[in-house]
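Per TrEMBL, the features are:
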- 115-408: domain 'Sugar phosphate transporter' (DOMAIN)
- 6-25: transmembrane segment (TRANSMEM)
- 114-133: transmembrane segment (TRANSMEM)
- 145-164: transmembrane segment (TRANSMEM)
- 185-210: transmembrane segment (TRANSMEM)
- 230-250: transmembrane segment (TRANSMEM)
- 257-276: transmembrane segment (TRANSMEM)
- 296-314: transmembrane segment (TRANSMEM)
- 346-365: transmembrane segment (TRANSMEM)
- 377-410: transmembrane segment (TRANSMEM)
Amino acid sequence: GDSSVSATMILPMFLPILLAPAFLAPQLPTRPALGSVSQLRVPVAPVRMSEEADRLSLLDTTEKFDEIAAGAALAGSAAAELGREPGTCDPYDPKSSEYCMNDQSAEGGMKRTIKLGVLFFAWYFLNTAYNIGNKLVLTAFPMPWTAATWELFFGFPYVFLLWSTGLRKTPKLSWNSIKLLAPSGVLLAGTHVGGVISFGLGAISFTHVLKATEPVWSAVISAVVFRDFLPLPVYLSLVPIICGVGLASLKELTFSWMSFIAGTGSAVTSAAKAILSKKVLDGKPLGENLTPANMFAILSILGFLAITPVSLLIEPPKAAAAAWTAALAKGYTNAQLVKLLSVSGFLYYIYNEVAFLALAEVAPVTHAVTNTVKRVVIILASIIVFKTTITPLGALGSAITVAGALLYALAKNKYK
């Protein structure tokens, strides 16, 4: 059989993907504006809780996560400082594209390079920190529906503060627009819950391999529902994704069918949401001040409202209280649990905010490359932090899947 390997041994498999931006950067144009952004309760399996030493190790990791949270706050603040002042150039508003282009043309090359570097570092760091924090939450408090609902709720106080103080323009919507957006909000909630459940039941690295299958489901939904077919080369680029997931699943040492189903469901709903936005909502006058950041806030609120009744049904308050008590019995404190949940909620929302800032500055191809590299960074970081055991063939399958997702994005951009 296959022997297990360490993260340093599997790193070479991902090196071509990690180095892709360096080779592609000279050929990749930048873009000043971004038109659009693209069950029953189950017990969450702890990472390695079978021995006392592993339990203490997780508690120690939780303590260290406080430092990560502090760093994340600094990264988020630094990235926010790079955002443009309200009323000047809105990088999210396609109508201000020409103004942004003129504004950015005067921006020095070195200054712009530093700005992009900080934004993408913050995005990667915050996203990785969220994944680690979310796993720590689910290990201590195995209530994925409750955790996911809380993380969606976290956007409420954040955006209301921005809207009420005028730091961000308040979106204006009609009831008809809200009804049109409701399905997208439900799909966003489904994407998030599916990912959280999969994180809890399996390895973070495997969940991200499953989430990388989104292009496959996007192609299937487009063809079956909308009769929208892609060129043959684009379909051929899906083959590595399918083969890679099959290999990774076959050799995944902690394979769980529930984790597989939840992770795949997250990819399916994410693909459906993107298609719905493009096919149904694109071009419709939905309201005013609907930048991608505001749109994400609205969809998060709609998703929270949709998921809360389901969450309370599957994980009622009595069950949540019992799980909290069990966490205290493991050695966690009330303060630790509150902090973990709060930090995970903050990280979930802020990494999306920073992603909007970063991706508004680049072209679609650069977007595809950086998004792929981000997934690799998360996979490697989670393997290192949680000492995930992975086989050589499992690592190869993961690398093939992620590389296939990049190939699909590049092929689709070329043949669009």
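Note that Cβ sites are derived from N, Cα and C of the backbone, with glycine treated the same way.
Unlike curated records, TrEMBL annotations are generated automatically.
Counting Cβ pairs closer than 8 Å to the transmembrane segment (114-133), the top stretch among 230-250, 296-314, 377-410 is 377-410. Scored by C-beta pairs under 8 angstroms, the transmembrane segment (346-365) has its highest count with 145-164, from the stretches 145-164, 185-210, 230-250, 377-410.
For the transmembrane segment (257-276), the partner stretch with the highest count of Cβ pairs under 8 angstroms, out of 145-164, 185-210, 230-250, 377-410, is 185-210.
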